Amino acid sequence: MKQKRFIDILLSIGLLLLMGYQFFGDTFHEVIGAILFVLFIVHQILNLTWYAHLYKGKYTPLRIYFLLIDGTVIVLMLMQIYSAMVISRHVFAFLDIHSGSALARILHMLGAYWSYVLISMHIGNHVHLFSDSKWKKDSVILISIYGIYAFILCHFIRYMLVMNLFVYMDYYEPIWRYHINYIAIAILFMTISQGISNGLRKVKQ
């Protein structure tokens, strides 16, 4: 369990670093991406029992919801790995893949923002943000409200719906502000996912 939790924490930190491309540059982005690829594979190996139980038991609304989130995340991660290999200039440059690079760039952008949202929802299904403490509940709610603002500010919708073909990089944004915005967005979707799963638990099986 500790091993799984450690891998999950590394994946979360790595994802946050990947989204901050403008602060770290191309080479760092690719190296972290390659490390996350390895961690993703390790994560799947550590969760082989999840695959083994796919055809067992009853599919309740809650289980279907979890499966949709988890399955989509896996597809998106595979898409990210493929597109990264195509457009790589450093880590995977030895593969010398040139065909389809224009499409791969769009897929990489699309996958990055959808992955961030859905991985946040995936985390929300396994981490309990709310507790009996009123202070903690109020804090999560306030951060989530700010997360809505940050979600709009960071143009997530434009990238998720491919309304832009390129990501606008604000090289003058302070790194602390970037982290506050993206952490707030993650907490927003963790909260949304917990709300959905809590609602589905009340649905008659």
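Here, residue 1 is simply the first one shown, and the rest follow in order.
Positions of Cβ are set from backbone N, Cα and C atoms, glycine also.
Small disclaimer: the values here were computed from a predicted structure and weren't measured.
According to TrEMBL:
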- 7-25: transmembrane segment (TRANSMEM)
- 31-52: transmembrane segment (TRANSMEM)
- 64-82: transmembrane segment (TRANSMEM)
- 102-119: transmembrane segment (TRANSMEM)
- 140-160: transmembrane segment (TRANSMEM)
- 180-200: transmembrane segment (TRANSMEM)
Please work out whether the transmembrane segment (64-82) lies in contact with the transmembrane segment (180-200), by counting C-beta pairs under 8 angstroms that are 6 or more apart in sequence and asking whether there are at least 3.
yes
Distant-in-sequence neighbours of the transmembrane segment (140-160), which means Cβ under 8 A and at least six residues beyond its ends:
109-110, 112-114, 116-117, 129-130, 167-168, 180-182, 184-189, 191-192
Give residue numbers and ranges for long-range contacts of the transmembrane segment (31-52): same chain, 6 or more residues beyond its ends, CB-CB under 8 A.
3-4, 7-8, 10-11, 14-15, 17-18, 24, 70, 74, 77, 80-81, 84, 90-92
